[in-house]
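Colleague: A single structure is presented below for examination.
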Amino acid sequence: MSMPGINVSNLLNEHEELGLRLLAGEKGLTNRINMSEINRPGLSLTGFYESFAHDRIQIFGKGEWAYITSRIPEDLKNIAADFFSFHLNCIIFTHGNMPPPIFTENCERLAIPLMISDVSTHKFITLISGILDRSLAPRTMRHGVLIEVFGIGILLSGKSGVGKSETALELIERGHRLVADDMVEIRRLSESYLIGTCSDLLRHHMEIRGLGILNIKDIFGIGSVRDHKLIELIIRLEEWTEDKDFDRTGLENPTEELLGVQIPLIRVPVKPGRNIPIIVETAAMNQRLRKLGKNAAQEFNQKLSNYLQQGKVERNPP
């Protein structure tokens, strides 16, 4: 698992929706941002710096801007001295408000990027929080195929050559959608949600033994692919052998941990004659039912228990 960070320059140059413009501190554009939370200094500007989150992006909205621009020069000088005594990664003024010159001077001197945006504070915080959540989410790479089947994100896993890509290709031909083949990039967006995607280089491509590299979007159309998908089920394809035990009732609820999140796991034996794509489709529909609170295995088990208790089933038939 990796915990990536991003540079301030990434926000400035790669996210036009933020509408950022650099005013000072260009030398600090390589400053790292390592957390998705932001901070509005607010009370800190009055001199209360206890628990001041200086390691976050500092957002100056209308309130902060109105306060510092209404101070007399001597007070503003003291505010700036206290504020810039902390190590800051960047400062952003929203609503297009221009910071006072003393802020520009300090940011240039200390190599702290100072930026402004015409976007309102509320909208800006919503936008940048989403960007940081996605960019800084814990992530890992996983060998397998991620495909959307009946709206369920399924990660097909298993040893190389077991038939993951071939199974996915048949599912795509049936109208389902490919997300990633071979290497799946997985990010944890919250304590219980994992998003799978693919690198830009491999996106929309599959490798099939005997055919080589295929462009799925070109062959099956734009409706056969998508860029990312929530991972809700893992199906592990395993070569069938007599000494392996596989679940035959559905009463077991095994899971596999990915980035600290438990994902439902189904082990499917692979051998000649088995129609794996239809099994995957059925597993997807069954998973949707389970999300709605319907569990066929548990219902059947309960019904059987009731029959046994009522004597409706002969335990030792002749």
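Glycine is no exception: its Cβ is also placed from the backbone N, Cα and C atoms.
Note that this is a predicted model, so its numbers are computed, not measured.
Just lifted these from Swiss-Prot, have a look:
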ACT_SITE  H143  active site
ACT_SITE  K164  active site
ACT_SITE  D182  active site, proton acceptor
ACT_SITE  R248  active site
BINDING   G158, K159, S160, G161, V162, G163, K164, S165  ATP binding site
BINDING   S165, E207  Mg(2+) binding site
REGION    269-274  region 'Important for the catalytic mechanism of dephosphorylation'
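Mind mapping these onto the model and telling me what they sit next to?
Modeller: In the three-state DSSP reading, H143 (active site) counts as strand. Within the same chain, residues at least six positions away from H143 (active site) with a Cβ under 8 Å of its Cβ are S157, S160, D182, M183, V184.
Within its own chain, K164 (active site) has G144, V145, L156, S157, G158, L237 as residues 6 or more apart in sequence whose C-beta sits under 8 angstroms from its own. Following the DSSP three-state reduction, the secondary structure of K164 (active site) is helix.
DSSP assigns D182 (active site, proton acceptor) to a strand in the three-state reduction. Of all Cβ atoms in the shown protein chains, 16 besides its own fall within 10 Å of the Cβ of D182 (active site, proton acceptor).
Other C-beta atoms found within 10 angstroms of the C-beta of G161 (ATP binding site) number 10, with every protein chain shown included.
Neighbour list (E207 (Mg(2+) binding site), Cβ cut-off 8 Å, at least 6 residues apart, same chain): S165, D181, D182, I213, L214.
Counting residues per DSSP class in helix, strand and coil order gives 0 helix, 2 strand, 4 coil for the region 'Important for the catalytic mechanism of dephosphorylation' (269-274).
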Colleague: Say we define neighbours as other CB atoms within 10 Å of the CB. Which of the binding-site residues S160, S165 has the fewest?
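Modeller: Least crowded of the binding-site residues S160, S165, by Cβ count within 10 Å, is S160.
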Colleague: According to DSSP, folded down to helix, strand and coil, what is E207 (Mg(2+) binding site)?
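Modeller: Looking at the DSSP assignment, E207 (Mg(2+) binding site) belongs to a strand.
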Colleague: Taking DSSP three-state, what's K159 (ATP binding site) in: helix, strand or coil?
Modeller: coil
Colleague: Excluding G158, K159, S160, G161, V162, G163, K164, S165 themselves, which residues in that chain have a Cβ inside 8 Å of the centre of the Cβ atoms defining the ATP site?
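Modeller: Not counting the recorded site residues, we get L237.
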